[in-house]
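Engineer: According to Swiss-Prot, the protein carries these features:
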- 1-6: topological domain 'Cytoplasmic' (TOPO_DOM)
- 7-29: transmembrane segment (TRANSMEM)
- 30-368: topological domain 'Lumenal' (TOPO_DOM)
- Cys91-Cys115: disulfide bond (DISULFID)
- Met94, Glu138, Gly139, Arg140, Lys146, Asp169, His309, Tyr310: UDP binding site (BINDING)
- Asp169, Asp171, His309: Mn(2+) binding site (BINDING)
- Cys232-Cys246: disulfide bond (DISULFID)
- Ser235: phosphoserine (MOD_RES)
- Trp285: glycoprotein binding site (BINDING)
- Cys300-Cys301: disulfide bond (DISULFID)
Amino acid sequence: MASKSWLNILTFLCGSAVGFVLCSQLLSILFEEQKDIQPSILHNDPHARHSDDNEQNHLEGQMNFDADASQHKDENTDIADKLYQKVKILCWVMTGPQNLEKKAKHVKATWAQRCNKVLFMSSEENKDFPAVGLKTREGRDQLYWKTIKAFQYVHDHYLEDADWFMKADDDTYVILDNLRWLLSKYNPEEPIYFGRRFKPYVKQGYMSGGAGYVLSKEALKRFVEAFKTDKCTHSSSIEDLALGRCMEIINVEAGDSRDTTGKETFHPFVPEHHLIKGYLPRTFWYWNYNYYPPVEGPGCCSDLAVSFHYVDPTTMYELEYLVYHLRPYGYLYRYQPALPEKMLKEVSQIYKNEDTNVNQEPLKEKHK
């Protein structure tokens, strides 16, 4: 009887062990599948991850989209060219020594070429890239220090070279032409800044760091002065929130960056995370952080989107192609809101000088 009892116990223990092993393997498989479906950016803390420095980069070398420019030789860019002259944007890109070749060079090869001036801000100087050395340490706890010092550097060296000053990450993709249209309605001498507006912790809201944000010249002046007079201090390592608190203290307005239809232009994730319904779980922090009611699916994003975040190098080039090269034959753009009245007159004059009789509607059709 005793031997039978021991046999039952042994059988139970063996069965439990086998069950545990099989269960562990099954859970491991499920977690791997979940990891593939929900990429690592889906942290439940909006400040838990910024730009990973240890991601695998599967892209060797840079790509030159200008190498095949023959199809664009007759492209009419008069309006974009006029905006480039009238709405001058200095872009500074937050990066690090280990990311210059992994990420920053792909920013440099794509959207950064459309900035009026671009600077890459790192903890160490690199004269070959080149990158500005801010003499900080690397790490998430240094993000706000890097931001403060970067804006101070820009203020001291390039204040008169631009009207607007944009901060972006080395995994952010920015459509500068759309940003210029957005900013063309505003005066850079007014204290205002734009980005993806979040609402917690700051009464007027603050701008998401990853989606990028842009300060008017007056906002930049006030920000730098605030650290000289101790109106603002390094109050937190959470860069975007800390900067937002400072902006509120110094009476810099958190601007509305939505387009004329109410759609968002700055996006804290890659396009598919906003476009695919159900991709971001309802328990995810994102749904509680948006200042304006968030939309998922095709209505999520403006046709004149300004930025996307968590863009790896391969996707950087994909977006470059989709934004500036892919066209459906035979279509005029369906959504192209008018320019401000003063700028519209200036652009119209270009066509008049070319003996083109232009009013606002033909102007929209001509710039495709």
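Positions of Cβ are set from backbone N, Cα and C atoms, glycine also.
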Engineer: Quick one: mean pLDDT on the topological domain 'Cytoplasmic' (1-6)?
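Structural biologist: Across the topological domain 'Cytoplasmic' (1-6), the average pLDDT comes out at 57.
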Engineer: Give me the count of other Cβ atoms within 10 A of the Cβ belonging to His309 (UDP binding site).
Structural biologist: 25
Engineer: Measuring Cα to Cα, tell me the gap between Asp169 (UDP binding site) and Ser235 (phosphoserine) in whole angstrom.
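Structural biologist: With the alpha carbons as reference points, the distance is 21 Å.
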Engineer: For Gly139 (UDP binding site), which of the recorded positions Cys91, Ser235, Cys301 has the nearest Cα in space?
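Structural biologist: Looking at Cα distances from Gly139 (UDP binding site), the smallest one goes to Ser235.
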Engineer: Closest to Cys91 (disulfide bond): which of the recorded positions Glu138, Lys146, Ser235, Cys246, Tyr310, going by Cα position?
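Structural biologist: Result for Cys91 (disulfide bond): the nearest of the recorded positions is Lys146.
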Engineer: Rounded to a whole angstrom, what is the C-alpha distance between Cys115 (disulfide bond) and Met94 (UDP binding site)?
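Structural biologist: Rounded to the nearest whole number, the Cα-Cα distance is 15 Å.
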Engineer: Nearest to Tyr310 (UDP binding site) by Cα, among Asp171, Cys232, Cys301 (recorded positions)?
Structural biologist: Asp171
